[in-house]
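A.B. asks: Reproduced below are the annotations present in TrEMBL:
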type: BINDING; residues: THR10, GLY11, SER12, ILE13, GLY36, ASN117, GLU119, GLY198; note: NADPH binding site
type: BINDING; residues: LYS118, SER144, GLU145, SER169, HIS192, SER205, ASN210, LYS211, GLU214; note: 1-deoxy-D-xylulose 5-phosphate binding site
type: BINDING; residues: ASP143, GLU145, GLU214; note: Mn(2+) binding site
type: DOMAIN; residues: 4-125; note: domain '1-deoxy-D-xylulose 5-phosphate reductoisomerase N-terminal'
type: DOMAIN; residues: 139-222; note: domain '1-deoxy-D-xylulose 5-phosphate reductoisomerase C-terminal'
type: DOMAIN; residues: 254-370; note: domain 'DXP reductoisomerase C-terminal'
Amino acid sequence: MKGVSILGATGSIGRSALAVLDQHPDRFRAVALTAGTRGEALGRLAERYGPALAVVAEGPVPAGACGGTEWRTGREALLAAATHPDADVVLNALVGAAGLEPTLAALRAGKRVALANKESLVCAGPLVMEAAREGGGELVPVDSEHSAILQCLAGTSADAVRRLVLTASGGPFREWTAAMLATATPADALRHPTWDMGSKVTIDSATLANKALEVIEAHFLFGIPYERIEAVVHPQSIIHSMVEMVDGSVLAQMGFPTMELPVLYALSYPERLPYECRRFDPVAAGALTFEPVDGERFPAFGLGVAAGREGGTAPAVFNAANEVAVAHFLGGALGFPGIAEAVGDTLGQWRGGAADSLAAVLEADAWARRTTETFVRNYLPCC
Ligand code: NDP
Ligand code: MG
């Protein structure tokens with residue numbers, strides 16, 4: 001029986017994780033569950049799963065919370081959930097840079113971190129990998145592309161890999177012209193064709209910033225240089241990613257899109273457990289097609305990959321600027337093309353720096369947020 005701490009239990013990945021626990025009550029039990037602000041929703045989950053600890057990181061404890069669960073609030077409490085003594089696995093399903101410190105704390109405490117929060121690795125890849133080495137913790141990806149790559153690698157060394165090919169659905173605007181993109185609303189962008197996800201990652205999928213975040217995530221997770229990581233649009237989201245070996249063989253991992261399987265694999269890895277879900281049917285899946293990423297219509301992709309290649313704190317700046325710009329797009333202050341414009345403007349002003357301490361990363365993150373806020377305040381759409 002493994003104890004699982006679920007950071008972000010009330011979110012989309014959190015729901016997938018609890019569905020996995022439902023199918024394996026004899027293998028996994030929830031020891032800590034956390035929410036950001038939605039204490040009432042967490043209260044219902046606590047009643048059902050009976051964790052030892054429930055944390056509302058940014059809001060009050062819901063009225064009537066009782067039972068055998070200890071209730072806490074605040075950032076320190078979130079770190080307590082990330083390092084809970086009964087947790088063997090910490091599923092980090094927080095959204096944004098807020099996930100970084102819990103990832104570091106869990107790895108330093110020697111936990112397995114099932115990582116959905118890709119932003120942790122993007123903001124501070126070297127620090128995260130160092131925390132895992134020093135604390136004896138282990139990082140297992142939940143992101144479907146990285147779970148696919150892990151499964152394709154199956155223990156193969158990095159020397160045997162020629163290339164990683166990350167697939168991207170292309171998002172809801174895959175076929176939109178630049179002129180149409182200028183009129184895209186949050187409602188349009190939130191209508192994802194193949195995945196049902198939280199709002200931030202859904203907008204990142206629409207801009208393709210998500211794929212850039214994933215290229216950076218793959219670079220750190222698998223130790224593969226950027227020039228050997230590519231992205232390709234695959235609208236059906238059946239092939240979750242591919243690995244080309246040095247001999248030319250290409251391995252792909254496939255299935256109908258669901259996040260429950262990558263979560264299950266991150267919890268059970270390297271073991272495989274039986275699971276009830278929609279069985280794959282190649283005939284029903286139909287034709288599988290591929291297209292190049294269009295960097296002109298989706299400039300956030302190129303900006304993110306360039307920030308990854310630059311290294312140091314540039315990826316943290318990319319991430320923070322993107323978080324602020326996405327929030328303003330959702331709030332109506334920025335048009336869709338304004339997201340990439342804001343991110344590009346902020347990156348253009350960044351003078352660089354090493355990501356050699358948490359303080360340096362947090363400073364770059366805070367600078368990027370201020371700079372992007374200023375851009376948004378002065379924003380006039382160019383067309
Ligand atoms: P959601 O927005 O659905 O859920 C986020 C969770 O984190 C919620 O429980 C939320 O609490 C909590 N939370 C949000 N902000 C904070 C904060 N500042 N401090 C503490 N808790 C917070 O996101 P997703 O589940 O979609 O995504 C989670 C992560 O997984 C992201 O990094 C995303 O990129 C990644 N991912 C998601 C996929 C998906 O299919 N959804 C696929 C692959 C990766 P509350 O409910 O109270 O707001
Ligand atoms: Mg993904």
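FYI, residue positions are counted from 1 along the chain as it appears here.
Every residue, even glycine, has its Cβ placed from backbone N, Cα and C.
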A.B. asks: Quick one: average pLDDT across the domain '1-deoxy-D-xylulose 5-phosphate reductoisomerase C-terminal' (139-222), no decimals.
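C.D. replies: In the predicted model, the domain '1-deoxy-D-xylulose 5-phosphate reductoisomerase C-terminal' (139-222) has a mean pLDDT of 96.
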A.B. asks: For the binding-site residues listed here, LYS118, HIS192, which shows the highest count of neighbouring CB atoms within 10 A?
C.D. replies: LYS118
A.B. asks: Let's see if you can do this one: DSSP helix, strand and coil counts over the domain 'DXP reductoisomerase C-terminal' (254-370), in that order.
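C.D. replies: Helix/strand/coil tally for the domain 'DXP reductoisomerase C-terminal' (254-370): 70 helix, 2 strand, 45 coil.
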A.B. asks: Have a look at the binding-site residues LYS118, GLU145, HIS192, ASN210, GLU214 and say which one has the shortest Cα distance to GLY36 (NADPH binding site).
C.D. replies: LYS118
A.B. asks: GLU214 (1-deoxy-D-xylulose 5-phosphate binding site): which of the binding-site residues THR10, GLY11, SER12, ILE13 have a C-alpha within 10 angstroms of it?
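C.D. replies: Within 10 Å of GLU214 (1-deoxy-D-xylulose 5-phosphate binding site): none of them.
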A.B. asks: According to DSSP, does ASP143 (Mn(2+) binding site) sit in a helix, a strand, or coil?
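C.D. replies: The three-state answer is coil.
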A.B. asks: Of all the Cα pairs drawn from LYS118, SER144, GLU145, SER169, HIS192, SER205, ASN210, LYS211, GLU214, the residues the record ties to 1-deoxy-D-xylulose 5-phosphate, which distance is largest, in Å?
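C.D. replies: Binding-site diameter by Cα atoms for 1-deoxy-D-xylulose 5-phosphate: 19 Å.
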A.B. asks: Under 6 Å from ligand 2 by Cβ, which binding-site residues from ASP143, GLU145, GLY198?
C.D. replies: ASP143, GLU145
A.B. asks: Below 8 Å Cβ to Cβ and six or more residues apart, same chain only. Which residues does that give for ILE13 (NADPH binding site)?
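C.D. replies: In sequence order, the residues whose Cβ lies under 8 Å from that of ILE13 (NADPH binding site) (at least 6 apart) are LEU91, ALA93, ALA116, VAL142, GLY198, MET259, VAL263.
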A.B. asks: I need the least crowded one of these binding-site residues (GLU119, ASP143), counting other C-beta atoms within 10 angstroms of each C-beta.
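C.D. replies: Across GLU119, ASP143, these binding-site residues, the one with fewest Cβ atoms within 10 Å is ASP143.
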A.B. asks: Let me know the most crowded of the binding-site residues, choosing from THR10, ASN210 and counting other Cβ atoms within 10 Å.
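C.D. replies: The most densely surrounded of these binding-site residues is ASN210.
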A.B. asks: Would you list the DSSP helix, strand and coil counts for the residues of the domain '1-deoxy-D-xylulose 5-phosphate reductoisomerase N-terminal' (4-125)?
C.D. replies: 51 helix, 28 strand, 43 coil
A.B. asks: Among the binding-site residues SER12, ASN117, point out the residue whose Cβ has the most other Cβ atoms within 10 Å, with all shown protein chains included in the count.
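C.D. replies: Comparing the binding-site residues SER12, ASN117, the most crowded Cβ belongs to ASN117.
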